[in-house]
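Asks: A single structure is presented below for examination.
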Amino acid sequence: MTILPFFAAVVVVQLFSSLTVAEIKSLTISNDSRPIILLEKFGIIEIGHVTVSVSSVSVSSPSSSPVPDSSKLGFFVLSEESLPEVLLELQKNFSFCVLDSHYILYFFTFIDLSPPPRSQFNRSYPITSPNDYSLFFANCVPETRVSMNVRAEIYHNLDPDGSRDYLLAGSTQLPGLYLVFSLCYLSFLCFWFCFCWNNMQIVKRIHLLMTVLLLVKSLTLICAAMYKHYVKVTGTAHGWNIVFYIFHFISVVLLFMVIVLVGNGWCFLKPKLHGKEKKLLMIVVPLQVLANIASIVIGETGPYTQDWVIWNQIFLLADVTSCCAIVFAMVWSMCCLRETSKTDGKAVKNLAKLPVFRNFNVLVIGYLFFTRIVVVVMKMEADFRYQWVSNASEEIATLAFYSLMFYIFRPMEKNEYFDVDDEEETAELSSRNKSLGSETI
C-alpha cells in the first residue's frame with residue numbers, strides 16, 4: 001500500500017486544522033499501521049526549538065514478514081513551502097519513502113534506538129527559518145504496526161536568559177486578547193445589571209437568563225486568558241483547560257437557549273413555550289452538547305489520533321445542524337405569522353413585531369454565518385503569523401451580537417417588541433384576579 005493517499009489525506013487535515021497552541025504534549029500511539037501520522041502543526045517566526053522524545057517503542061509485523069528496516073520508521077518536520085515538492089516525489093514514485101526526501105528536516109529514525117534493548121530516544125533541533133511547519137511520523141514499512149509514547153515540546157527562545165514561549169507564532173497574543181475581552185464583558189455585565197436594577201418592575205425571566213449568560217461568558221474568557229497564559233509560560237495548562245471547557249460548554253448552550261427563547265418571544269409575547277418551541281429546544285440543546293463534547297475531544301487530542309477526523313465531522317455536523325434548525329424555525333415563525341394575520345384579526349396586531357423579528361433573524365443569521373464560515377476561512381487563508389486575527393474577529397463579532405441583542409430586548413416600558421403583548425397580559429392578569437376573587441368568595 002503506497003503512502004501517497006495517506007499523505008494527501010493528511011494534507012487535507014492540515015488545511016482544515018488550525019495551528020496548535022504548541023503546549024508540551026504527551027502522545028500515545030498504540031498498534032498503529034498508518035504510513036504517515038501528523039503529530040503537530042506549528043509556526044516559527046524567529047528561532048524555535050523542537051524536542052521529540054520517544055519511549056516504550058515496540059514494532060510488530062506479520063510472522064511471514066522479515067524484520068522491519070528501522071531506518072524506514074522515524075520523525076521529520078516539513079515546511080508548508082516544501083509540501084508540494086514532497087507530494088511530487090511521491091507521485092513520481094509510489095514506493096518512495098518520505099524519510100529519504102531532500103525537502104524534509106530529518107529528525108531521527110528507529111535505527112537510533114539500536115542496539116537493543118534500548119527503546120527510548122530524544123533529540124532537539126533548532127529551527128531558524130520562519131515558516132509554517134508540521135511534525136510527522138513516517139512508517140515506510142508496509143503492514144508494520146508501531147506502539148510508542150511520544151513527548152513533543154515546541155517553543156520559541158525569547159531572551160538569552162532561556163525564557164520560552166510555547167504559544168509560538170500566531171497564538172502568543174491570545175492571553176492578552178482574551179483578557180481584554182473579558183474586561184469588556186465584565187463592564188457590559190455591570191452596566192446590564194444596573195439597567196435591570198433600575199427597571200426591576202418590568203424585568204422578566206429571560207432578562208435573568210441573559211444576565212447569567214453574560215456572567216458565564218465573562219468567566220469563560222477569564223479562564224481562556226489564564227489557560228493560554230500558563231501554556232505560553234510553562235507549556236502546560238495547570239488545570240485551567242478543564243475550567244475553560246466547563247464554562248465554554250455552559251456559555252455556548254446558554255447562548256443557543258437564549259437565541260431560541262428570545263426569537264420565539266418567550267416572556268415577551270407568551271408566558272409559556274408552545275410545543276414547537278419545546279421541540280426546537282430539544283433539538284438544538286442536545287446538538288450543541290454533542291458539538292461541545294466533540295470540540296473538547298478535538299482540543300485535547302490532536303490529528304495523531306485515528307478518530308480525530310471523525311470527531312471533526314461530528315462537531316461540524318452537530319453545530320451546522322443546530323444553526324440551521326434555529327434559522328429555519330425563525331423563518332417559519334415569521335411566515336406563519338404573516339399567513340395567520342390574513343385571516344385572524346387578533347394576529348393583525350402582532351404584525352407590529354415583524355420588523356423586530358426580521359431584524360433579529362438577520363442579526364442571528366449574520367452572526368452564525370460569520371462565526372461558522374468566515375472565521376474558518378480566515379483561519380485557513382491567514383498567514384501563520386496572524387492566526388490570532390481570526391480569534392479576535394470572532395470575539396468582536398460575538399461582542400457586537402451580544403450588544404445588539406441585549407439592546408433590542410432590554411427591559412423598557414416603551415419597547416415596540418413588548419408593547420404588542422400588553423393587552424394580552426392585562427387580560428390574562430384580570431381573568432386570573434377574577435378567578436382568585438371568586439374562589440375567595
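Yeah, the Cβs are placed from backbone N, Cα and C, and that goes for glycine too.
TrEMBL lists these features:
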- 25-156: domain 'CAND6/7 N-terminal' (DOMAIN)
- 176-415: domain 'GOST seven transmembrane' (DOMAIN)
- 1-22: signal peptide (SIGNAL)
- 176-196: transmembrane segment (TRANSMEM)
- 208-230: transmembrane segment (TRANSMEM)
- 242-268: transmembrane segment (TRANSMEM)
- 280-298: transmembrane segment (TRANSMEM)
- 310-335: transmembrane segment (TRANSMEM)
- 356-376: transmembrane segment (TRANSMEM)
- 388-409: transmembrane segment (TRANSMEM)
Asks: Give the nonlocal contacts of the transmembrane segment (208-230) in its own chain as ranges (CB under 8 Å, at least six residues past its ends).
Replies: 21, 167, 171, 174-176, 178-179, 181-182, 185-186, 188-189, 192-193, 196, 236-238, 240-241, 243-244, 247-248, 250-251, 254-255, 257-258, 261, 395, 402, 406, 409
Asks: Verify whether three or more Cβ pairs under 8 angstroms connect the transmembrane segment (176-196) with the transmembrane segment (388-409), leaving out any pair fewer than 6 apart in sequence.
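Replies: Answer yes: the transmembrane segment (388-409) meets the transmembrane segment (176-196) with 3 or more Cβ pairs below 8 Å.
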Asks: Given the cut-off of 8 Å on Cβ pairs that are 6 or more apart in sequence, determine whether the transmembrane segment (280-298) and the transmembrane segment (356-376) share at least 3 such pairs.
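Replies: As far as Cβ distances go (cut-off 8 Å, pairs 6 or more apart), the transmembrane segment (280-298) and the transmembrane segment (356-376) do not touch.
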Asks: Where else in the chain does the transmembrane segment (242-268) make close Cβ contacts, counting only residues six or more beyond its ends and a cut-off under 8 Å?
Replies: 204-207, 209-210, 212-213, 216-217, 219-220, 223-224, 226-227, 274, 277, 280-281, 284-285, 288-289, 291-292, 296, 299, 322, 326, 329-330, 333, 353, 357, 360-361, 364, 405, 409, 417-418, 421
Asks: Average pLDDT across the domain 'CAND6/7 N-terminal' (25-156)?
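Replies: Value for the domain 'CAND6/7 N-terminal' (25-156), mean pLDDT as a whole number: 85.
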Asks: Using DSSP, break the domain 'CAND6/7 N-terminal' (25-156) down into helix, strand and coil residues and give each count.
Replies: 20 helix, 70 strand, 42 coil
